């Protein structure tokens, strides 16, 4: 299969992965209305083409949370990345660091914190959920700090898990799931060898380290779902803010009031996100929510965005809407599933190339010059 654009990786990943894994990455909540709107709303935003602006010297370099980056992009936390490619979190982290952008390790990664960070010269980012088991949360934070990680993404839009109907149809969940997953692996021999056999152990590394015993996919579905905490409030997070000395980013903000609450809480940044359309179907796309949130917080904290970003053009659109940087989730997951570390590296190169073309044709010579003036109208 020819890979000439970031979107080509989706079809390639669908061919390579067993259905239960592809649809786990690809799917959303309920009827997947928000999943579709995330992509569609971004694609409908018109950039303002401006010519004769002397764009011979373009720079995508930026700084986020004290880190100098080659472009305002980070890899988002994606659970079970180590099931998409052999020790997938390590491969993705290496590709990101080679490109000069951050990789974010999910709470529910296959590879534990220590394994991933030991393979990277610079600190990765770490993502944590709000869970009933505060002991696990403290253990994860302590281990992250001990490994040298200083940037925390705290996901707050999962007090309860979303209803992802595709998982039942694909074999990811349901009583017949284990049998169906084995049968699917048998007809995907490349994945079965690379990941199923050579990618062991298939633990949820961060959870099994804490529990002191191996974990499996049933634990991902069972233990994690049982530990989401619907009673959480801003006050419950104060101990984390006092414990974590580095930058703390709140992920899952869709409302300006919540964004202002994050400022009052003392967050260093927020991620405007609807969890990639995987939680509450029917909410605003991130592209529609972003402008009002960016206006509400101004320079009081750093605004990032995710959900629906598939291309370099999408990155430029999000920056013009008010984000200082973006997180790539599905886009890198598809690339990782297709060609491992090399796939993620190539994806990031494609994203950069598309950003450079978009900036040149809108007259922006630096990231700072990508503003609302780079757009023709705002999404309604």
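Cβ from N, Cα, C; glycine included.
Swiss-Prot annotations:
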ACT_SITE  275  active site, proton acceptor
BINDING   24, 129, 164, 278  substrate binding site
BINDING   106, 127, 155, 251, 306-330  FMN binding site
DOMAIN    1-380  domain 'FMN hydroxy acid dehydrogenase'
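Around residue 129 (substrate binding site), a 10 Å sphere centred on its CB holds 24 further CB atoms from the protein chains shown. A helical conformation is recorded for residue 314 (FMN binding site) in the three-state DSSP classification. Comparing Cα positions, residue 164 (substrate binding site) lies closest to 330 out of the binding-site residues 318, 322, 330. The distance from the Cα of residue 318 (FMN binding site) to the Cα of the residue listed as 'active site, proton acceptor' comes to 16 Å. Annotation for residue 326 (FMN binding site): same-chain Cβ neighbours under 8 Å, separated by at least 6 residues, are 72, 73, 74, 304, 305, 306, 309, 314, 315, 318, 319. Reduced to three states, the DSSP call for residue 129 (substrate binding site) is strand. Pairwise Cα distances among 24, 129, 164, 278, the recorded substrate-binding residues, top out at 19 Å. Summarising the environment of residue 164 (substrate binding site), the number of other Cβ atoms within 10 Å of its Cβ, over all protein chains shown, is 22. On the 0 to 100 pLDDT scale, the domain 'FMN hydroxy acid dehydrogenase' (1-380) averages 95 in the predicted structure. There are 21 other CB atoms within 10 A of the CB of residue 322 (FMN binding site), with all protein chains counted.
Closest to residue 129 (substrate binding site) in space, going by CA atoms and restricting to the binding-site residues 106, 310, 322, is 106.
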